[in-house]
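Positions annotated as transmembrane segment by Swiss-Prot, on the basis of sequence analysis: 57-77, 80-100, 124-144. Per Swiss-Prot, active site is recorded for ASP110, ASP126, and the stated evidence type is sequence analysis.
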Amino acid sequence: MLYILIIILLIGLDQLSKIWVLNNLVDVSTIPIINNVFHLTYVENRGAAFGLLQNNQWIFIIVALLATVFGLYYLNTRKVHIFGRLGIILIISGALGNLIDRVRLGFVVDYFDFRIIWEYVFNIADVFVVVGTVFLCIYVLFFESKSR
């Protein structure tokens with residue numbers, strides 16, 4: 001059950017970063033960390049990645065809840081290699097972090113703005129989901145059949 005504590009800590013990190021953004025970036029919009037390369041930029045994201053499915057909050061809420069339930073079920077009923085376990089933990093943490101925003105605020109708070117390579121702004125929860133997906137793919141491709 002250590003994974004529950006890790007999920008709670010990761011969600012806490014995500015929410016603390018978003019509270020900081022809401023308290024410090026709303027009025028200034030953006031703070032250049034490395035000018036024209038990396039900024040902290042306040043964005044209210046009402047859709048998914050790349051601006052898809054704007055204003056369809058219920059879809060994201062249902063998907064986040066299903067991912068969480070399935071992930072927790074899988075962790076509790078299967079022997080899972082560390083890559084799979086970390087992947088599931090990160091995906092659940094990211095999904096719930098953004099879910100909290102959607103329910104509490106009606107949008108997701110995004111703030112990482114790597115202007116030099118990417119036009120989209122994202123947050124720590126998004127990083128959790130992407131890295132978790134990579135770990136889950138590694139698990140499925142290389143370890144899943146061995147852990148059965």
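Glycine is no exception: its Cβ is also placed from the backbone N, Cα and C atoms.
Remember, predicted model here, so these are calculated numbers, not experimental data.
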Cβ contacts under 8 Å made by the transmembrane segment (124-144) with residues that lie 6+ beyond its boundaries: 10, 13-14, 17, 49, 80-81, 83-84, 86-95, 97-98, 108, 110, 112
Neighbour tally for ASP126 (active site), based on other Cβ positions within 10 Å of its Cβ: 21
Three-class DSSP secondary structure - ASP126 (active site): helix
